[in-house]
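Record features, source TrEMBL:
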{"type": "BINDING", "residues": "B:His90, B:Glu112, B:His129", "note": "Fe cation binding site"}
{"type": "BINDING", "residues": "B:Cys96, B:Cys99, B:Cys137, B:Cys140", "note": "Zn(2+) binding site"}
Number of protein chains: 2
Amino acid sequence: MKNTSRLLDNLRDKGERITDVRKAIIEILSAAPRPLSVQDLLSALKKKQLAVNKTTVYRQLEQLLFHNIVREIRFQDRSARYEVSLGDDHHHHLVCTKCHKTEDISFEEDLERQEKVIMHKKKFKVLQHSLEFFGLCASCQKK
Amino acid sequence: MKNTSRLLDNLRDKGERITDVRKAIIEILSAAPRPLSVQDLLSALKKKQLAVNKTTVYRQLEQLLFHNIVREIRFQDRSARYEVSLGDDHHHHLVCTKCHKTEDISFEEDLERQEKVIMHKKKFKVLQHSLEFFGLCASCQKK
DNA sequence: CTACATGCAAAAAATTTGCACCACC
DNA sequence: GGTGGTGCAAATTTTTTGCATGTAG
C-alpha cells in the first residue's frame with residue numbers, strides 16, 4: 001500500500017497523470033508474488049471490475065518501464081513479465097519449471113563485482129542484467 | 001567443421017536422421033558469432049540456396065533442444081535465440097543494446113557455487129540458468 | 001516400405017499502430 | 001480546454017498445428 005502511493009507520487013512528480021487504470025496496474029504489480037504477464041494483468045484488472053483494453057496495458061507498461069517503475073523479465077516462455085522495481089531491491093528469480101512457482105533471491109555477493117570486472121576487461125558498460133534459475137522447487141522434486 | 005560433424009554423429013547415435021536441412025542448420029549455428037533467431041536462420045539458409053520453410057526450422061530447433069544440441073536464450077526483444085551447446089562451454093552474454101554486438105563471457109565458478117547455496121538453503125534444484133548483461137559495447141560508448 | 005521430415009496454409013498468441021473519443025490537471 | 005490516456009479494430013510478428021507429400025534409412 002505504502003509502496004503504491006510512493007510510486008504514484010513518483011509518477012506525479014514526473015508530470016504523469018494518475019488515472020484509475022494506472023493506479024490499479026501499480027497496485028496489482030505491487031501485490032503480486034511473481035512477475036506478471038500482460039494476460040495476468042488483464043485478468044487481475046477484470047477481477048477488480050476494471051475492464052481495461054490490452055493496448056492500454058501495453059502502453060502503461062511501456063511508460064512504467066521508461067520511468068524505471070517496473071522491470072521487464074523474460075522467462076523461458078514466449079511472453080514478457082513485469083514486476084515493480086523498488087530501487088534497491090534488485091534480485092533474481094527461482095522459477096519452478098513444473099508448477100511455475102516463482103521466488104525471489106538475492107546474492108550476498110552481488111553481480112556488481114562481476115560487472116566491474118567486465119567493464120575493466122571488456123570495456124563493456126553494463127546497464128542491466130538478467131539472471132534466472134530454472135529448475136524444480138522443493139515440493140515438485142518429491143512428486 | 002569438426003564440431004558440426006561431431007554434433008551430427010551425436011544425432012545419428014540417438015537415432016535421428018541426417019537431412020540436408022538439419023546439417024545446414026547445425027553448420028550455421030556452429031559458425032554464428034552470436035545466438036540466432038529463427039529469422040536469422042531462415043536468411044542464412046536462403047544464402048546457402050536452401051529454401052526452407054519456417055515451420056521446419058521451428059521443428060528442427062525443437063528437436064535439437066530436446067537433444068541438448070542447441071540452447072535457447074531470450075534477450076530483451078520478442079524472439080527467441082539459439083546457439084549450439086557444446087557441453088562444457090557454458091557461458092553468458094554481453095549484449096550491446098545499441099549495435100547488438102554479442103560477446104560470450106564465462107565465470108562458471110561463481111554461479112555453480114550459488115546454485116549449491118540455493119539448493120541447500122531453498123531446496124530448489126537448479127536445472128539451468130540464464131544470465132545476460134545488457135549495455136553498451138566499447139565502440140558504442142564513444143558514439 | 002515406412003516412419004520421420006518437410007512444406008504449405010491457416011490458426012493462435014504476443015505485440016504494435018492508427019484513429020477517434022474521453023477525462024485528468 | 002488541451003494534452004495525454006483509453007478503446008477498438010486491424011496490422012504485424014512470432015510461434016504452433018493439421019494435413020498432405022516426400023525421402024532417408
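Each residue, glycine too, has its Cβ placed from N, Cα and C.
Whatever TrEMBL says is automated annotation, not expert-curated.
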* **Fewest other C-beta atoms within 10 angstroms, as judged across B:Cys96, B:Cys99, B:Cys137, B:Cys140, which are the binding-site residues** => B:Cys99
* Asked: Of these binding-site residues, B:His90, B:His129, which scores lowest on Cβ atoms within 10 Å?
  -> B:His90
* Structure fact -> Students should find that the binding-site residues B:His90, B:Cys99, B:Glu112, B:His129, B:Cys137 with a Cβ under 8 Å from chain A are B:His129, B:Cys137
* Asked: Near B:Glu112 (Fe cation binding site), how many other Cβ atoms are within 10 Å of its Cβ?
  -> 13
* To do: Could you find out if DSSP has B:Cys140 (Zn(2+) binding site) as helix, strand or coil?
  => helix
* Out of B:Cys96, B:Cys137, B:Cys140, which of these binding-site residues is nearest B:His129 (Fe cation binding site) by C-alpha distance? -> B:Cys96
* Structure fact -> For Zn(2+), residues beyond B:Cys96, B:Cys99, B:Cys137, B:Cys140 with C-beta within 8 angstroms of the site's Cβ centre include exactly B:Thr97, B:Lys98, B:His100, B:Lys101, B:Leu136, B:Ala138, B:Ser139, B:Gln141
